Structure formats: C-alpha cells, structure tokens
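**Q** Here's a structure for you.
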Amino acid sequence: METQTKTPNPAKKLIIRAVLITAAGIGIWYGISSFNYARHHESTDNAQIETNMVSVLPRLAGYVKSVAVKDYDLVKKGQLLVEIDEAEYQLALDEMQAIYVQAEADIANAKANVVNAQLSLKSAVTNGELVKIKRDKAKQDLDRDTRLYNDKAITQKQYDDTRTNYATLETQYVAALNEVAVAKSRIDILKSTLQKADAQLNVQKSRIEQQKLKLSYAKVYAPETGRIGKKNIQSGQFIQPGQPLFTIVSDSTFWIVANFKESQIENIKEGDDVEIVLDGYPNTPMKGKIASLSEATGAKFSLLPPDNASGNFVKVTQRVPVKIEILDAAKYRSILKAGLSADVAVTIKK
C-alpha cells in the first residue's frame, strides 16, 4: 500500500509565523513599556484613603435619655446627638442655689451687725468722752479739796465725798474705755466673719456655675460635620465620662497614605505627581501630589517597636508612610471612603 505524504500549506505556515512574530512583538513592546514605566515611577499597592475622624465622648455620667441619630447618619457641626438624664444634676443645682440665697441673707445680716456694732462703738466713745470730762473735773476737785483739807478749811466728810466721787468716776471711765475696746473687737470679729461669708458666697457661686456647666453636658452635640459610624449606645444605657459613643467621619477632607519601601523613597519628593487607582473603583483613575513624607518608618509608630539589639536580628524591609493629596477631591466625593485600598504610582524626576 502506498503512503502519501501531506505537503504543509504555505499560507497556514505564514499565518502561524505572523502570529508568533506579533506575539513576540507585543511581549517585547510590553516589556519595554513596563521597563520604561518602572524607570520613571515608584508604585505600591500598600495605600489607603484617610480622613479626619472624631470620637464623640460624653463629659457627664448618667443614663441615656435619648439618641437622636442612627448608624451612618450625616450630621452637621453642633447638631444634637445624645441627651443624658439630667434630673439628678438639676436637683443638685437647685440645692446649691438655695444655699446661695441663704448665704446672701446671712451676709446681709452680718453687714447689719457691723453697722450696729459701729453705732455701739460711736456711742461708747461718746460716753467715754463725757465720763472723762467728769473724771477730769472730779480730779481737779480732789486736788483742791486735798489742799483745803490739809489747811483744815473743809471737813473730813467733805473731803471723803470728793474722794468717793473721783473714785466712782475713775471706775466709770475705765469701764467706758473697756466698752470701747470691746466694741472695736466686736467690729473686727464681725468684719472677719463678713469677709469669710463673702468668700464662701463666691465659692458657692463658682460651684453653681460649675454645676450649670456640668448640666449643659447632658446634651452631647456633634463636634464636626460628617457621617456617624456605628453607634455604641442605646436609650437607657448608663454611660461614663470619656466612654466612646460613636465616631464622626469627616466628609470634606480626604487624603491617601501610601507606605513605600525604604528602597523607593530616595526618588520621591514633595510635589511629585501621583497616579491613583482605587481597588473598589478601578475605572476611575485620580491624580494627586506628594504632600509630605514621614520622618520615621511605620514600625516606629507601632505600640511595640522592634528592638534589633536583642541578638536575633532578621532584616525586614521597612516602609515609610507618605501623604498624598488628592487633586479635585470634591469631584470624586461619592467614591472616597476612609479605609479603601489604592494603587499609587509616583512620577519620579531624575
């Protein structure tokens, strides 16, 4: 039986050769393009969108009376978020105000007592002056009658009466001086008491202002405009000062933090252009610029920075955080969400 050998089709061979040549050409072109792109770009996929996030923390302990927002609500700065039951704090304020009113009445009485004591002092001084005049006159009479008695010009009874009168007025004068001293001392004591009462009144006034301030904390307002994260509270729950209630994520300011390898940062400078592609929105490329480079590697910011002096050293490539400004961020507001991953490529200038 005769075997027939098939002759290859020249056209088919030509097509195969053309396909191989085209594929090789595309591969070479892609390789050259990738090489040229890599020469002029530093890229990483270790990047995320960041924004300002503010934790909402109460400054007052108490039971939650009401929560005015839901998960992921958009809130404005100053908007009421949470109300805390204020009944206990209001009662304390009422008690403080009652004490303040009583203290004011006590001060009014103390001032009246000072005025009365000053009048008493004035009366005592006047009385003392009158007694002194009488005593001085009695002393002159005694001196005169002593001479007359020695000259046998008056009787013993007349002399004794003059001496008795002087002694009585001298005793009255000493008593008047003591009364003046007591009145002055009483005024000093009353003034000191009044000063203490004034100080206590100021202290009570300060306590009232502090209590009013504390009472104002019963309403928790949004510190910034943004979107609420997941709530950590509900009505009826008891909360403590500083306990995180929820987080407000800013909806106006976004940037990207990219962590480049330490071998890449030599060519990265502030102001360099950046190409940005979000993993979640690969068909919406964005532009950016290098805003700043960290002065330390990411590992240095961790809670437990590595200690390479322990003796067991394994060299690990470090990464440096780089902040990237998103150009025309408002244009992409609908797709910018904190935490989204991104691929970034920095156009380097050699």
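Even glycines carry a Cβ here, placed using N, Cα and C.
Automatic, uncurated: that is what TrEMBL annotation is.
What TrEMBL records for this protein is below:
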COILED    93-120  coiled coil
DOMAIN    52-249  domain 'Multidrug resistance protein MdtA-like barrel-sandwich hybrid'
DOMAIN    253-347  domain 'p-hydroxybenzoic acid efflux pump subunit AaeA-like beta-barrel'
TRANSMEM  14-32  transmembrane segment
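Can you walk me through where each of these features ends up in the structure?
**A** Helix first, then strand, then coil: DSSP counts for the domain 'p-hydroxybenzoic acid efflux pump subunit AaeA-like beta-barrel' (253-347) stand at 17 helix, 43 strand, 35 coil.
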**Q** Kindly state the mean pLDDT of the domain 'Multidrug resistance protein MdtA-like barrel-sandwich hybrid' (52-249) in the predicted structure.
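**A** Residues in the domain 'Multidrug resistance protein MdtA-like barrel-sandwich hybrid' (52-249) carry a mean pLDDT of 92 in this prediction.
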